[in-house]
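Under the heading active site, proton acceptor, TrEMBL lists ASP75. The feature site 'Important for substrate specificity' is assigned by TrEMBL to ARG18, THR76, GLN160.
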Amino acid sequence: MSGYEQVSTLILASTSPRRIDLLRSLGIAFELAESEVGEEWRDDIPIAELVERNALAKASSVARKLERGLVIGADTVVSCEGAVFGKPSDIEDARRMLRALAGRTHQVYSGVAVVRARDGTAKTAHAITDVTFRPLSEKQIAKYLQMIDPLDKAGAYAIQGVGGIIVEKICGCYYNVVGLPLTVLDNLLAHFGVQLL
């Protein structure tokens, strides 16, 4: 019997299509529950700690409403030369972000949290991936923004699909850039007796 069959339900505290697709690709059963917690932004906290805190806040807000299950929360941000980029507020903000990232290497941070609903026990971790963009002209940025919806993506881009055209190279976990580092998630779930493999 697998670890998953020995525990109650997995719940993803996210409506991110990318995170949902990643979990579905693993062939595991899970439920969805939207967290009502927004992301916290503070300059006095290291980014890695901040994304873990945000992930924990999201997972905990859902877990408090449940009697059982393991709740998964995640938060992803992009950092480039001291600037931190979450989701853009509008298309001009997205354009500004892509200009800042073009031709440079930036870091993608994802915090992941797993909270056991019955007693609030929680584990958190994070991943960091270096991503290098190719140089982009204003015309290329405009065309890219027409091809995707940048407003629900940290840093205004997605690495998958057409995003592969603007990403020159990565160093680290690809799935972290998508929004859910699967090795990190597997390690956290193992603390609760669940193994994805």
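Placement of Cβ uses the backbone N, Cα and C atoms for every residue, glycine included.
Curation plays no part in TrEMBL annotations; they are all automatic predictions.
Location within the structure of each feature annotated in TrEMBL.
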| residue | record | DSSP class |
| --- | --- | --- |
| ARG18 | site 'Important for substrate specificity' | helix |
| ASP75 | active site, proton acceptor | strand |
| GLN160 | site 'Important for substrate specificity' | coil |
Cα nearest GLN160 (site 'Important for substrate specificity') among recorded positions (ARG18, ASP75, THR76) -> ARG18
What are the sequence-distant neighbours of the residue listed as 'active site, proton acceptor', meaning same chain, six or more residues apart, C-beta distance under 8 angstroms?
GLU39, LEU50, VAL51, GLU52, ASN54, ALA55, LYS58, SER110, GLY111
Between ARG18 (site 'Important for substrate specificity') and THR76 (site 'Important for substrate specificity'), how far is it from one CA atom to the other, in Å?
12
Recorded sites listed as THR76, GLN160, least Cβ neighbours within 10 Å
GLN160
Over all shown protein chains, what is the count of other CB atoms within 10 A of the CB belonging to ARG18 (site 'Important for substrate specificity')?
20
